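Enquirer: TrEMBL feature annotations, pasted as is:
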{"type": "DOMAIN", "residues": "153-210", "note": "domain 'CTLH'"}
{"type": "DOMAIN", "residues": "336-377", "note": "domain 'RING-Gid-type'"}
{"type": "ZN_FING", "residues": "336-377", "note": "zinc finger"}
Amino acid sequence: MEQCACVERELEKVLHRFVMYGHQSEERLDELLRSVCEIRGQLVAFGVQDADLSVLSQTMAQCCKNIKETVQMLASRHKDIHGSVSKVGKAIDRNFDAEISAVVAETVWDTPERQKYLSETIVEHLYRQGMLSVAEDLCQESGVVIDMSMKQPFLELNRILEALRMQDLRPALEWAVTNRQRLLDLNSSLEFKLHRLYFISLLSGGIGNQMEALQYARHFQPFASQHQRDIQILMGSLVYLRHGIDNSPYRSLLETNQWAEICNIFTRDACALLGLSVESPLSVSFASGCMALPVLMNIKQVIEQRQCSGVWTHKDELPIEIDLGKKCWYHSVFACPILRQQTSESNPPMKLICGHVISRDALNKLTNAGKLKCPYCPMEQNPSHAKQIYF
(Lines of atoms letter the chains of each structure in order from A; the text may use other names.)
(Lines give C-alpha, C1' and ligand atoms only; values in the text may rest on other atoms or scores of the structure.)
Protein backbone atom coordinates (compact mmCIF):
# COMPACT_ATOMS: atom_id res chain seq x y z
CA MET A 1 0.00 0.00 0.00
CA GLU A 2 3.01 2.27 0.39
CA GLN A 3 3.29 2.42 -3.40
CA CYS A 4 -0.31 3.60 -3.70
CA ALA A 5 0.26 6.22 -1.00
CA CYS A 6 3.33 7.53 -2.85
CA VAL A 7 1.41 7.94 -6.10
CA GLU A 8 -1.53 9.48 -4.23
CA ARG A 9 0.75 12.12 -2.71
CA GLU A 10 2.03 13.12 -6.16
CA LEU A 11 -1.54 13.20 -7.45
CA GLU A 12 -2.66 15.45 -4.58
CA LYS A 13 0.15 17.88 -5.45
CA VAL A 14 -1.07 18.05 -9.06
CA LEU A 15 -4.69 18.57 -8.00
CA HIS A 16 -3.64 21.32 -5.56
CA ARG A 17 -1.72 23.08 -8.33
CA PHE A 18 -4.69 22.81 -10.68
CA VAL A 19 -6.96 24.41 -8.08
CA MET A 20 -4.47 27.20 -7.33
CA TYR A 21 -3.91 27.78 -11.05
CA GLY A 22 -7.66 28.09 -11.60
CA HIS A 23 -8.09 30.62 -8.77
CA GLN A 24 -5.10 32.71 -9.86
CA SER A 25 -6.20 32.67 -13.50
CA GLU A 26 -9.70 33.85 -12.59
CA GLU A 27 -8.34 36.65 -10.41
CA ARG A 28 -5.89 37.97 -13.03
CA LEU A 29 -8.40 37.71 -15.89
CA ASP A 30 -11.09 39.44 -13.83
CA GLU A 31 -8.61 42.22 -13.04
CA LEU A 32 -7.74 42.66 -16.72
CA LEU A 33 -11.39 42.63 -17.69
CA ARG A 34 -12.18 45.38 -15.20
CA SER A 35 -9.25 47.46 -16.51
CA VAL A 36 -10.38 47.12 -20.13
CA CYS A 37 -13.99 47.92 -19.17
CA GLU A 38 -12.81 51.10 -17.41
CA ILE A 39 -10.87 52.27 -20.51
CA ARG A 40 -13.86 51.51 -22.70
CA GLY A 41 -16.14 53.40 -20.35
CA GLN A 42 -13.87 56.45 -20.45
CA LEU A 43 -13.79 56.43 -24.25
CA VAL A 44 -17.57 56.17 -24.42
CA ALA A 45 -18.07 58.95 -21.84
CA PHE A 46 -15.58 61.54 -23.08
CA GLY A 47 -15.08 60.53 -26.71
CA VAL A 48 -11.82 60.03 -28.56
CA GLN A 49 -11.72 63.66 -29.78
CA ASP A 50 -11.92 65.16 -26.27
CA ALA A 51 -9.39 62.74 -24.78
CA ASP A 52 -5.69 63.50 -24.52
CA LEU A 53 -4.18 61.27 -27.19
CA SER A 54 -0.82 60.99 -25.38
CA VAL A 55 -2.51 59.89 -22.15
CA LEU A 56 -4.77 57.54 -24.06
CA SER A 57 -1.78 56.06 -25.87
CA GLN A 58 0.06 55.46 -22.61
CA THR A 59 -3.04 53.89 -21.03
CA MET A 60 -3.59 51.55 -23.99
CA ALA A 61 0.09 50.60 -24.05
CA GLN A 62 0.03 49.79 -20.32
CA CYS A 63 -3.14 47.75 -20.78
CA CYS A 64 -1.58 45.76 -23.63
CA LYS A 65 1.54 45.23 -21.52
CA ASN A 66 -0.53 43.90 -18.63
CA ILE A 67 -2.40 41.53 -20.96
CA LYS A 68 0.86 40.22 -22.43
CA GLU A 69 2.42 39.70 -18.99
CA THR A 70 -0.67 37.90 -17.74
CA VAL A 71 -0.74 35.56 -20.74
CA GLN A 72 2.96 34.79 -20.31
CA MET A 73 2.52 34.19 -16.59
CA LEU A 74 -0.44 31.84 -17.10
CA ALA A 75 1.41 29.96 -19.85
CA SER A 76 4.47 29.57 -17.61
CA ARG A 77 2.44 28.23 -14.68
CA HIS A 78 0.51 25.92 -16.99
CA LYS A 79 3.84 24.56 -18.18
CA ASP A 80 4.84 23.91 -14.56
CA ILE A 81 1.67 21.88 -14.10
CA HIS A 82 2.67 19.68 -17.05
CA GLY A 83 5.87 18.93 -15.14
CA SER A 84 3.87 17.86 -12.08
CA VAL A 85 1.66 15.61 -14.23
CA SER A 86 4.73 13.91 -15.67
CA LYS A 87 5.96 13.30 -12.10
CA VAL A 88 2.78 11.32 -11.43
CA GLY A 89 3.57 9.08 -14.40
CA LYS A 90 7.14 8.62 -13.17
CA ALA A 91 5.86 7.79 -9.68
CA ILE A 92 3.57 5.12 -11.16
CA ASP A 93 6.45 3.64 -13.18
CA ARG A 94 8.73 3.74 -10.14
CA ASN A 95 6.31 2.14 -7.68
CA PHE A 96 4.48 -0.35 -9.91
CA ASP A 97 5.66 -3.04 -12.23
CA ALA A 98 3.71 -3.13 -15.48
CA GLU A 99 4.99 -6.61 -16.32
CA ILE A 100 3.33 -9.19 -14.05
CA SER A 101 3.43 -12.22 -16.32
CA ALA A 102 6.29 -13.65 -14.24
CA VAL A 103 3.89 -14.48 -11.40
CA VAL A 104 0.87 -15.43 -13.52
CA ALA A 105 0.06 -18.94 -14.61
CA GLU A 106 -0.08 -18.78 -18.40
CA THR A 107 -2.43 -21.75 -18.75
CA VAL A 108 -4.91 -20.80 -16.03
CA TRP A 109 -7.70 -20.00 -18.53
CA ASP A 110 -6.65 -22.26 -21.38
CA THR A 111 -9.62 -24.66 -21.25
CA PRO A 112 -13.21 -23.83 -22.34
CA GLU A 113 -14.52 -25.03 -18.98
CA ARG A 114 -12.37 -22.55 -17.05
CA GLN A 115 -13.30 -19.74 -19.43
CA LYS A 116 -16.94 -20.61 -18.81
CA TYR A 117 -16.42 -20.37 -15.03
CA LEU A 118 -14.74 -16.98 -15.43
CA SER A 119 -17.57 -15.65 -17.61
CA GLU A 120 -20.20 -16.88 -15.14
CA THR A 121 -18.35 -15.18 -12.27
CA ILE A 122 -18.21 -11.88 -14.19
CA VAL A 123 -21.90 -12.15 -15.11
CA GLU A 124 -22.85 -12.75 -11.47
CA HIS A 125 -20.81 -9.70 -10.45
CA LEU A 126 -22.58 -7.56 -13.06
CA TYR A 127 -25.97 -8.77 -11.81
CA ARG A 128 -24.98 -7.86 -8.25
CA GLN A 129 -23.98 -4.37 -9.39
CA GLY A 130 -27.28 -3.85 -11.20
CA MET A 131 -25.60 -3.72 -14.64
CA LEU A 132 -28.18 -6.02 -16.18
CA SER A 133 -27.82 -4.93 -19.81
CA VAL A 134 -24.04 -5.41 -19.71
CA ALA A 135 -24.50 -8.86 -18.19
CA GLU A 136 -26.95 -9.83 -20.95
CA ASP A 137 -24.52 -8.66 -23.65
CA LEU A 138 -21.71 -10.67 -22.08
CA CYS A 139 -23.93 -13.78 -21.96
CA GLN A 140 -24.70 -13.41 -25.68
CA GLU A 141 -21.08 -12.87 -26.74
CA SER A 142 -19.56 -15.55 -24.50
CA GLY A 143 -22.31 -18.13 -25.01
CA VAL A 144 -22.95 -18.43 -21.28
CA VAL A 145 -26.49 -19.50 -20.37
CA ILE A 146 -27.73 -18.19 -17.04
CA ASP A 147 -30.82 -19.79 -15.55
CA MET A 148 -33.66 -17.40 -14.75
CA SER A 149 -33.85 -18.74 -11.19
CA MET A 150 -30.32 -17.41 -10.60
CA LYS A 151 -31.06 -14.09 -12.28
CA GLN A 152 -34.38 -13.26 -10.59
CA PRO A 153 -33.07 -12.70 -7.01
CA PHE A 154 -30.54 -10.16 -8.29
CA LEU A 155 -33.21 -8.35 -10.28
CA GLU A 156 -35.37 -7.97 -7.18
CA LEU A 157 -32.42 -7.02 -4.97
CA ASN A 158 -31.30 -4.27 -7.34
CA ARG A 159 -34.86 -2.98 -7.77
CA ILE A 160 -35.21 -2.56 -4.00
CA LEU A 161 -31.74 -1.03 -3.61
CA GLU A 162 -32.48 1.48 -6.35
CA ALA A 163 -35.68 2.46 -4.55
CA LEU A 164 -33.77 2.87 -1.26
CA ARG A 165 -31.24 5.14 -2.96
CA MET A 166 -34.22 7.25 -4.07
CA GLN A 167 -35.40 7.20 -0.41
CA ASP A 168 -38.42 5.05 -1.24
CA LEU A 169 -38.91 2.51 1.57
CA ARG A 170 -42.04 0.76 0.33
CA PRO A 171 -40.43 -2.01 -1.80
CA ALA A 172 -37.97 -2.83 1.00
CA LEU A 173 -40.76 -2.91 3.62
CA GLU A 174 -42.86 -5.24 1.45
CA TRP A 175 -39.88 -7.56 1.01
CA ALA A 176 -39.07 -7.50 4.75
CA VAL A 177 -42.67 -8.30 5.73
CA THR A 178 -42.77 -11.19 3.24
CA ASN A 179 -39.50 -12.62 4.63
CA ARG A 180 -40.17 -11.71 8.28
CA GLN A 181 -39.73 -15.18 9.74
CA ARG A 182 -36.52 -15.88 7.83
CA LEU A 183 -35.11 -12.52 8.95
CA LEU A 184 -36.00 -13.32 12.57
CA ASP A 185 -34.19 -16.64 12.23
CA LEU A 186 -31.11 -14.63 11.24
CA ASN A 187 -31.65 -12.34 14.27
CA SER A 188 -31.95 -9.45 11.82
CA SER A 189 -33.25 -6.01 12.79
CA LEU A 190 -33.83 -4.95 9.17
CA GLU A 191 -37.64 -4.69 9.34
CA PHE A 192 -37.54 -2.57 12.51
CA LYS A 193 -34.90 -0.24 11.03
CA LEU A 194 -37.04 0.21 7.90
CA HIS A 195 -40.13 1.08 9.98
CA ARG A 196 -37.99 3.40 12.12
CA LEU A 197 -36.66 5.22 9.06
CA TYR A 198 -40.17 5.58 7.62
CA PHE A 199 -41.36 7.02 10.95
CA ILE A 200 -38.44 9.50 10.91
CA SER A 201 -39.35 10.54 7.36
CA LEU A 202 -42.84 11.36 8.66
CA LEU A 203 -41.33 13.39 11.52
CA SER A 204 -39.25 15.41 9.08
CA GLY A 205 -42.52 16.51 7.40
CA GLY A 206 -43.47 18.58 10.43
CA ILE A 207 -46.64 18.95 12.49
CA GLY A 208 -48.83 18.14 9.49
CA ASN A 209 -47.76 14.47 9.70
CA GLN A 210 -48.42 14.11 13.44
CA MET A 211 -51.55 11.96 13.19
CA GLU A 212 -50.07 9.79 10.45
CA ALA A 213 -46.92 9.28 12.54
CA LEU A 214 -49.01 8.26 15.59
CA GLN A 215 -50.96 5.76 13.51
CA TYR A 216 -47.79 4.39 11.93
CA ALA A 217 -46.27 3.85 15.39
CA ARG A 218 -48.47 0.74 15.66
CA HIS A 219 -45.96 -1.03 13.40
CA PHE A 220 -43.47 -0.95 16.30
CA GLN A 221 -45.60 -3.27 18.47
CA PRO A 222 -43.95 -6.58 17.34
CA PHE A 223 -40.51 -5.11 18.13
CA ALA A 224 -41.30 -3.62 21.54
CA SER A 225 -39.40 -6.23 23.55
CA GLN A 226 -36.17 -6.05 21.54
CA HIS A 227 -36.08 -2.34 20.64
CA GLN A 228 -37.86 -0.72 23.58
CA ARG A 229 -35.29 2.07 24.05
CA ASP A 230 -35.31 3.04 20.35
CA ILE A 231 -39.11 3.14 20.29
CA GLN A 232 -39.18 5.35 23.39
CA ILE A 233 -36.84 7.83 21.70
CA LEU A 234 -39.01 7.91 18.57
CA MET A 235 -42.20 8.51 20.54
CA GLY A 236 -40.53 11.17 22.72
CA SER A 237 -39.58 13.12 19.62
CA LEU A 238 -43.28 13.78 18.91
CA VAL A 239 -43.30 16.32 21.74
CA TYR A 240 -41.01 18.59 19.71
CA LEU A 241 -42.79 18.12 16.40
CA ARG A 242 -44.51 21.52 16.57
CA HIS A 243 -41.20 23.38 17.01
CA GLY A 244 -39.25 21.17 14.56
CA ILE A 245 -37.17 18.06 15.26
CA ASP A 246 -34.04 19.76 13.90
CA ASN A 247 -34.25 22.30 16.77
CA SER A 248 -34.73 19.68 19.47
CA PRO A 249 -32.59 17.18 21.46
CA TYR A 250 -33.73 14.58 18.90
CA ARG A 251 -32.02 16.23 15.91
CA SER A 252 -29.73 13.20 15.53
CA LEU A 253 -32.76 11.28 14.17
CA LEU A 254 -32.51 13.33 10.96
CA GLU A 255 -28.92 12.37 10.10
CA THR A 256 -28.60 11.65 6.38
CA ASN A 257 -26.15 8.74 6.73
CA GLN A 258 -29.06 6.50 7.80
CA TRP A 259 -29.98 5.90 4.16
CA ALA A 260 -26.53 4.55 3.30
CA GLU A 261 -26.65 2.41 6.44
CA ILE A 262 -30.04 0.89 5.57
CA CYS A 263 -28.77 0.04 2.06
CA ASN A 264 -25.83 -1.84 3.59
CA ILE A 265 -28.04 -3.68 6.09
CA PHE A 266 -30.52 -4.69 3.40
CA THR A 267 -27.72 -5.93 1.09
CA ARG A 268 -26.15 -7.95 3.91
CA ASP A 269 -29.39 -9.60 5.06
CA ALA A 270 -30.76 -10.18 1.56
CA CYS A 271 -27.52 -11.89 0.51
CA ALA A 272 -27.64 -13.99 3.69
CA LEU A 273 -31.16 -15.19 2.82
CA LEU A 274 -30.01 -16.03 -0.72
CA GLY A 275 -27.02 -17.94 0.61
CA LEU A 276 -24.60 -15.45 -0.96
CA SER A 277 -21.69 -13.47 0.40
CA VAL A 278 -22.13 -9.71 0.70
CA GLU A 279 -19.30 -9.13 -1.79
CA SER A 280 -19.14 -10.93 -5.10
CA PRO A 281 -16.44 -13.63 -5.62
CA LEU A 282 -14.94 -11.49 -8.40
CA SER A 283 -14.46 -8.42 -6.20
CA VAL A 284 -13.01 -10.55 -3.37
CA SER A 285 -10.59 -12.29 -5.76
CA PHE A 286 -9.55 -8.98 -7.29
CA ALA A 287 -8.94 -7.37 -3.89
CA SER A 288 -6.96 -10.40 -2.71
CA GLY A 289 -4.86 -10.33 -5.87
CA CYS A 290 -4.09 -6.63 -5.39
CA MET A 291 -2.82 -7.36 -1.88
CA ALA A 292 -0.81 -10.43 -2.88
CA LEU A 293 0.70 -9.14 -6.14
CA PRO A 294 3.33 -6.75 -4.65
CA VAL A 295 4.58 -9.51 -2.33
CA LEU A 296 4.80 -12.00 -5.20
CA MET A 297 6.67 -9.51 -7.37
CA ASN A 298 9.21 -8.92 -4.60
CA ILE A 299 9.65 -12.67 -4.08
CA LYS A 300 10.19 -13.21 -7.79
CA GLN A 301 12.79 -10.44 -7.88
CA VAL A 302 14.69 -11.91 -4.92
CA ILE A 303 14.60 -15.38 -6.49
CA GLU A 304 16.05 -14.05 -9.74
CA GLN A 305 18.76 -12.02 -7.98
CA ARG A 306 19.91 -14.98 -5.91
CA GLN A 307 19.68 -17.33 -8.91
CA CYS A 308 17.55 -19.92 -7.11
CA SER A 309 14.81 -20.31 -9.68
CA GLY A 310 14.06 -23.87 -8.57
CA VAL A 311 12.46 -22.61 -5.37
CA TRP A 312 9.25 -21.62 -7.17
CA THR A 313 8.54 -23.94 -10.07
CA HIS A 314 4.78 -24.40 -9.82
CA LYS A 315 2.72 -21.25 -10.35
CA ASP A 316 -0.35 -22.81 -8.80
CA GLU A 317 1.50 -22.77 -5.48
CA LEU A 318 2.92 -19.87 -3.49
CA PRO A 319 6.47 -20.06 -2.12
CA ILE A 320 5.42 -18.33 1.12
CA GLU A 321 2.22 -17.66 3.00
CA ILE A 322 0.64 -14.27 2.25
CA ASP A 323 -1.53 -12.73 4.96
CA LEU A 324 -4.62 -11.17 3.35
CA GLY A 325 -6.12 -10.06 6.66
CA LYS A 326 -9.12 -11.35 8.58
CA LYS A 327 -11.49 -9.91 5.98
CA CYS A 328 -10.48 -12.76 3.67
CA TRP A 329 -10.88 -15.49 6.29
CA TYR A 330 -13.93 -17.67 5.64
CA HIS A 331 -15.64 -20.11 7.95
CA SER A 332 -15.63 -23.26 5.87
CA VAL A 333 -16.61 -26.55 7.52
CA PHE A 334 -13.60 -28.49 8.79
CA ALA A 335 -13.53 -31.89 10.47
CA CYS A 336 -10.43 -32.79 12.47
CA PRO A 337 -8.72 -35.82 10.83
CA ILE A 338 -7.40 -36.95 14.24
CA LEU A 339 -10.48 -36.80 16.48
CA ARG A 340 -13.04 -37.09 13.63
CA GLN A 341 -14.97 -34.12 15.03
CA GLN A 342 -16.21 -30.97 13.35
CA THR A 343 -14.44 -27.88 14.60
CA SER A 344 -16.30 -25.06 16.33
CA GLU A 345 -15.68 -21.66 17.88
CA SER A 346 -14.47 -23.28 21.12
CA ASN A 347 -12.43 -25.87 19.20
CA PRO A 348 -11.12 -24.09 16.08
CA PRO A 349 -8.79 -25.61 13.48
CA MET A 350 -5.08 -24.93 14.06
CA LYS A 351 -2.45 -24.84 11.30
CA LEU A 352 0.92 -26.36 12.22
CA ILE A 353 4.26 -25.05 10.99
CA CYS A 354 4.49 -27.91 8.52
CA GLY A 355 1.17 -26.85 6.95
CA HIS A 356 -1.07 -29.63 8.26
CA VAL A 357 -4.29 -28.67 10.06
CA ILE A 358 -5.82 -30.31 13.13
CA SER A 359 -8.28 -29.18 15.80
CA ARG A 360 -7.19 -27.41 18.97
CA ASP A 361 -8.34 -30.36 21.09
CA ALA A 362 -6.18 -32.70 19.02
CA LEU A 363 -3.27 -30.26 19.35
CA ASN A 364 -3.57 -30.30 23.14
CA LYS A 365 -3.79 -34.11 23.27
CA LEU A 366 -0.76 -34.57 21.01
CA THR A 367 1.37 -32.10 22.98
CA ASN A 368 3.87 -33.81 25.25
CA ALA A 369 6.36 -31.96 27.46
CA GLY A 370 5.90 -28.74 25.51
CA LYS A 371 6.60 -30.42 22.17
CA LEU A 372 4.42 -31.67 19.36
CA LYS A 373 5.15 -34.20 16.65
CA CYS A 374 2.94 -33.84 13.60
CA PRO A 375 0.97 -37.05 13.01
CA TYR A 376 1.48 -36.73 9.24
CA CYS A 377 5.09 -35.54 8.60
CA PRO A 378 6.13 -36.24 11.39
CA MET A 379 7.86 -32.91 12.11
CA GLU A 380 8.70 -31.99 15.68
CA GLN A 381 7.65 -28.44 16.56
CA ASN A 382 6.54 -26.08 19.30
CA PRO A 383 2.72 -26.22 19.72
CA SER A 384 2.64 -22.50 20.58
CA HIS A 385 3.68 -21.77 16.97
CA ALA A 386 0.44 -23.25 15.62
CA LYS A 387 -1.80 -20.64 13.95
CA GLN A 388 -5.56 -20.45 14.40
CA ILE A 389 -7.30 -20.62 11.02
CA TYR A 390 -10.54 -18.77 11.90
CA PHE A 391 -12.90 -17.75 14.74
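Every residue, even glycine, has its Cβ placed from backbone N, Cα and C.
Please go over these features one by one and say how buried each is and what sits next to it.
Expert: Residue counts for the domain 'CTLH' (153-210) under DSSP, helix first, then strand, then coil, are 46 helix, 0 strand, 12 coil.
For the domain 'RING-Gid-type' (336-377), the DSSP counts in helix, strand and coil order read 7 helix, 11 strand, 24 coil.
Beyond the ends of the zinc finger (336-377), by six or more residues, the same chain brings 383, 385-391 to within a C-beta distance below 8 angstroms of the stretch.
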Enquirer: Across the whole of the domain 'CTLH' (153-210), what does the mean pLDDT come to? Round it, please.
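Expert: When the pLDDT values over the domain 'CTLH' (153-210) are averaged, the result is 88.
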